[in-house]
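Residues annotated as signal peptide in TrEMBL: B:1-23. The domain 'Corticotropin-releasing factor binding protein N-terminal' feature in TrEMBL is assigned to B:52-176. Per TrEMBL, the feature disulfide bond maps to B:Cys60-B:Cys81, B:Cys104-B:Cys141, B:Cys183-B:Cys205, B:Cys237-B:Cys264, B:Cys277-B:Cys318. According to TrEMBL, the domain 'Corticotropin-releasing factor binding protein C-terminal' annotation covers B:185-307.
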Amino acid sequence: MKLAFLVFTVVLLVAVLPRYESRAIENPGAVQSASSDPQSDLQKLSLPILLRLGEEYFLRLGSANQNPQVFMPPDASSTTVKRALQLQLTQRLLQGKVANIRRFASSNSDQLDDSMERGKRTDDPPISLDLTFHLLREVLEMARAEQLAQQAHSNRKMMDIFGK
Amino acid sequence: MSVTFRVPLYFFLLSLSALKGQTRYLEENEITPEGLFSLLNSELKRELSEDFIYRRPLRCLDMLATDGQFTFAADRPQLNCAAFFIGEPNEMISIAYDNVNIDCDGGDFIKVFDGWVMKGEKFPSSQDHPLPLYERYIDFCETGSVRRVVRSSQNVAMIFFRIHNAESGFSITVKKLLNPFPCNIISQTPEGSFTMVIPQQHKNCSFSIIYPVEIQIAELSLGHFNDFPVKRVVPGCAGAGDFVELLGGNGVDTSKMFPVADLCYSFSGPAQMKIGCENTVVRMVSSGKFVNRVTFQYRLLDRSELQKIKGNNVEDFCFTE
């Protein structure tokens, strides 16, 4: 019930608020190629965007209890990461930023080549990851925990072997 | 002792002492599993060789701080994936492709980036990295058959990949190599200490802490200790060829961050500063004429300190005190 209400609010906000070109969450590409013709692109994609956004938003929330058809495979230890992802997505959608679905869903590499070309001329990275610092720290802490566990395991193994 | 014996002996002793001086910083004094490994007999070695390599699947969004073999198997099309690599400050990352089964012509790619890229900003910045931007991306589809091992210039690297078919995948082995004079580091932890040395090289090095921290500089040495301190004609650090700056900002690119303090005089004795930004950087600019060294420590600011800093500041860019 709450979920449906939230999705409805988001869809309403997206329809009402002015649309800003923004990077997709995972593969933004170069901003230049995106900003070249944002309005008409978005208008062309407006209806599919709303539907797709609804889908993706839903999919991400669905990771908590349903089959994980999600962007990031769920992990037993990454509930905080999931929550952070959801929060980030919610914030983005509520601020009226629309993910560039065309780039996100595109399977051809033409746009990527374009951005690579532009990247060579300007100093902007052609491929970038749009991640908040909060999420980056979460993943870093997970990696540190993994490293410490691996170090402990390795030490234990060495002790076993040299104790023989 | 005869003359013919003395000369080679003196030469040998001279070489020993010279080498001792030169290689002092390159020795690895830690006991490592690989070092001990070599002491075992062949049977135990065979048994252990499997155990010592850490293996796990690679996720679509991942951060790797350990050595090991990581395999990505796509159970469905994954179009936007990235994994971060990070090591200790004095390590570099080496990525070797073990076996790669992707469809380059079908739009799949695997690109290794020398540094980290986040929200369109890169670390190290273009000013601090020796290679131009397009050379920092190494595409497997273009160079994979020729270049199967990619090495980073600092303790961080990234890999971007896109796989369309469900049966495709790849496997990489990550190793860490020792970097005797680390330049451009991202700290793995919000607390710690570090000494950055730039030995008479004309380059700029940054130490980035992706947390709001209090930095305490214990010692700063710009120039050789035998030189007299340079008398500055102009007050402040304008025009100094060698200095250390503290930067604060909300991105990873050091060239887009705000300088919070400039230090261009050698001193010892702690000087501290609280920087309430998402990213705090200690950056050393070196002209190449001197050996420059800075020693500092840092600790995470807790919520009450952050609140206090924000309360006391009128300016809006990350809060400093």
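Every residue number used here counts from 1 along the chain in the order it is shown.
Glycine is treated like the rest: Cβ placed from N, Cα and C.
Nobody curates TrEMBL annotations by hand; they come from automatic prediction.
Overlay of TrEMBL feature records on the structure.
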residue: B:Cys60; record: disulfide bond; DSSP (3 states): coil
residue: B:Cys81; record: disulfide bond; DSSP (3 states): strand
residue: B:Cys104; record: disulfide bond; DSSP (3 states): helix
residue: B:Cys141; record: disulfide bond; DSSP (3 states): helix
residue: B:Cys183; record: disulfide bond; DSSP (3 states): coil
residue: B:Cys205; record: disulfide bond; DSSP (3 states): strand
residue: B:Cys237; record: disulfide bond; DSSP (3 states): coil
residue: B:Cys264; record: disulfide bond; DSSP (3 states): coil
residue: B:Cys277; record: disulfide bond; DSSP (3 states): coil
residue: B:Cys318; record: disulfide bond; DSSP (3 states): coil
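Around the Cβ of B:Cys318 (disulfide bond), 22 further Cβ atoms fall within 10 Å across all displayed protein chains. Of all the disulfide-bonded residues listed here (B:Cys183, B:Cys264), the one with the fewest other CB atoms within 10 A of its own CB is B:Cys264. Here B:Cys264 (disulfide bond) is positioned 19 angstrom away from B:Cys183 (disulfide bond), judged by their C-alpha atoms. Less than 8 angstroms from a Cβ of chain A: among the disulfide-bonded residues B:Cys60, B:Cys141, B:Cys183, B:Cys205, B:Cys264, that describes B:Cys60. Here the Cα atom of B:Cys318 (disulfide bond) is found 43 Å from that of B:Cys104 (disulfide bond). Taking the Cβ of B:Cys104 (disulfide bond) as centre and 10 Å as the limit, one finds 15 other Cβ atoms among all the protein chains shown. Shown for the domain 'Corticotropin-releasing factor binding protein N-terminal' (B:52-176): DSSP residue counts in helix, strand and coil, namely 12 helix, 66 strand, 47 coil. Within 10 Å of the C-beta of B:Cys277 (disulfide bond) we count 25 further C-beta atoms, all protein chains included.
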